[in-house]
Amino acid sequence: RDLQEANVKFLSGWNQWKRTSHKSWRKVLDESKELFSYLELWRHDIHSIEGRKYGTGIQSYFSFLRFLVLLNFLIFILMFSFVTLPTVISKYGIFDSSFAQIPASSTEPHCTVYSPSGNKGLVYFYTYLKDLLAGTGFLEVTSLFYGYYTIDAAWISMFRYNLPLAYLLTTFAYLGLSLLWIIKRSVEGFKQNSVLQSSEFQSYCNKVFAGWDFCITDISAAWLKHRSLQHELKADLEEERLKQKIADRTMKDKLRIYSLRLFLNIIVIAVLSGCFYAIYRATVFSQENSSSNGNDMQFEANLLVQYLPSIVITLANFIAPLIFSVLIRLEDYSPSFEIRLMLLRCVFMRLANIGVLLVSLWSQISNCATDKCNACGYNYELYPCWESQVGQEMYKLLILDFVIILAVTLFIDFPRKWLVTHCSCKLVQWYGLQEFGISNNVLEIIYGQTICWIGTFYSPLLPAIATIKYFIVFYIKKISLIHTCKPSARPIRASSSNFFFLVVLLIGLLLAFVPVGVSIAYIPSSKACGPFRNFNTSWAVVPDTILGFPIGLQKVFYGIASEAFAVPFFVV
């Protein structure tokens, strides 16, 4: 430093100014970074959870939940800015705007009939409650669902806004944003994992010799850091103990454990098969009965029939993980691998449940037995605006998922805590307080996020509901953790958990690509509603737009859209 200061006087005025401004700019950046860290959402809450007796594995769950809140908020901003706002502005004539609706020329008249069941006149209060829960009635004709966006072009001053193209490109944008952000965070976690696993003793050395933060001056912050390091060391020692136990197994022990695992996996496959069949039957029954007798049925029965697929899926999601959690304890895995395997089984079940629901719906939508139906390309009598009805199913799943999370906390977790505290019965004391199940809780939010990714195309404002839902879930889970849970007897390392959570979330996103991609590229779009009613499929708006470009530019875009370019590009 002394040498640098001595050399300053030999620098020219320009170089001295560059050096001073560089130091000042670095100082501004450092102070800004420190300031933004204090503005970080739930920063204090997550640090307090980490420093309590619960450890860093559970802290990683709450950090993951915060990431999904921010992701859904950004997706909402995208959909609202490029789809909802231009539609609302043009429909109400704000900023000297107007809109154009191009009449369908080659569509059969019976395909364009769509009369949403919006409530008119005097209706009972419970009708509004049913509509709010099911996404029907007054809610069906709002900007929440696909059927509201019926304009073909919006004129804002002198600017022509192509809504169908904007709708499709914004869908690609929110899926691409999610993919890139998850990959970025996954790479960071992968690098951290690689460093920790590069040497047998490196993890201990990092914690013992370089784990302390000497900038800490507050007593409570020091206590939190101390507890965090303690739990990390506990997790490392537990992993080493289990590695030693596995190494000491005899051939007889190995044969016994592998035979048991094979038998338990057969049970898992049987449970999954039963769940899938129940969802398929419930979806077919719900679609056939709620459509045909919906007006004659009583309020409770009609709501039950409409919610039947969602109820069966929720029951499967609730019961199957309980069975899996009992089975996995018998398989004798390490805590980190136990969480991963449990997550993989449950995420496969939950995501496959959504897949079975969508396949069941699409089999009903494409079920055509007459020439009039074949002319539309879908079952126009039962599904005049099938995209809105798929959006309603996703909306019901998201709402029911939140209701279940809240109900389990209020009516299972807190009563269990009260019984253990105030009841001296041996059975109750043996059952004891619950541990915070990381795998089940992570699975809940990954399942909800997959529903949001799939449903956003059919319900553009669904990310706003998901943002509010996860914001409330954070506080529900925090209160439940502090007041009803005991610390885990088997500590879990946070670094591997963070990375694996993101990998499972990435699987959910890639699976969400499939139904959205199929509905955009292959399933005929509704001719009675939505921005794509003048196109055979949603994707048809892209070549239609390219036809308006100059010939040279058209050739470039057709080359990019060809399979020879597109398939290798997406694989990479």
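Note that Cβ sites are derived from N, Cα and C of the backbone, with glycine treated the same way.
The transmembrane segment annotation in TrEMBL covers 67-89 (among others). Counting residues 6+ beyond its ends, the transmembrane segment (67-89) has Cβ neighbours under 8 Å at 41, 95, 97, 99, 143, 148-149, 151, 154, 156, 161, 163, 166-167, 169-170, 173-174, 177-178, 181, 185, 445, 449, 452, 456, 460-461, 463-464, 466-467, 470-471, 474 in the same chain.
Sequence-distant contacts of the transmembrane segment (165-183) (same chain, at least 6 residues past either end, Cβ-Cβ under 8 Å): 71, 74-75, 78-79, 82-83, 86, 149, 453, 456-457, 460, 463, 502, 505-506, 509, 512-513, 516, 520, 531-532, 538-539, 541-542, 545. Annotation comment: TrEMBL describes 165-183 (among others) as transmembrane segment.
The annotation transmembrane segment is assigned in TrEMBL to 258-280 (among others).
The annotation transmembrane segment is assigned in TrEMBL to 307-330 (among others).
For the transmembrane segment (342-362), same-chain residues at least 6 beyond its ends with a Cβ under 8 Å from one of its own Cβ atoms are 268, 272, 275-276, 279-280, 283-284, 287, 309, 313, 316-317, 320-321, 324-325, 328, 389-390, 393, 397, 439-440, 442-443, 446-447, 450-451, 454, 500, 504, 507-508, 511, 514-515, 523. The transmembrane segment annotation in TrEMBL covers 342-362 (among others).
TrEMBL lists 385-495 with the feature domain 'TMC'.
Beyond its flanks by at least six residues, the transmembrane segment (394-412) meets 133-135, 144-145, 306-307, 310-311, 313-314, 318, 354, 357, 444, 447-448, 451-452, 454-455, 458-459, 462, 465-466, 469, 472-473, 476-477, 479-480, 484 of its own chain at Cβ-Cβ distances under 8 Å. Per TrEMBL, the feature transmembrane segment maps to 394-412 (among others).
Outside the transmembrane segment (499-523) by six or more residues, the chain places 60-61, 64, 168, 171, 175, 178-179, 182-183, 185-186, 189-190, 192-193, 339-340, 343-344, 347, 351, 355, 358, 362, 365-366, 378, 387, 390, 442, 446-447, 449-450, 453-454, 457, 537-539 with a CB less than 8 A from a CB of the stretch. The transmembrane segment feature in TrEMBL is assigned to 499-523 (among others).
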Inset, instruction - Report the mean pLDDT of the predicted model across the domain 'TMC' (385-495), rounded to a whole number. - result: 84
Legend entry - Contact set, same chain, for the transmembrane segment (258-280): CB under 8 Å, 6 or more residues outside the stretch: 309, 312-313, 316, 320, 323-324, 327, 330-331, 345, 348-349, 352-353, 356-357, 359-360
Legend entry - DSSP residue counts for the domain 'TMC' (385-495), split into helix, strand and coil: 86 helix, 4 strand, 21 coil
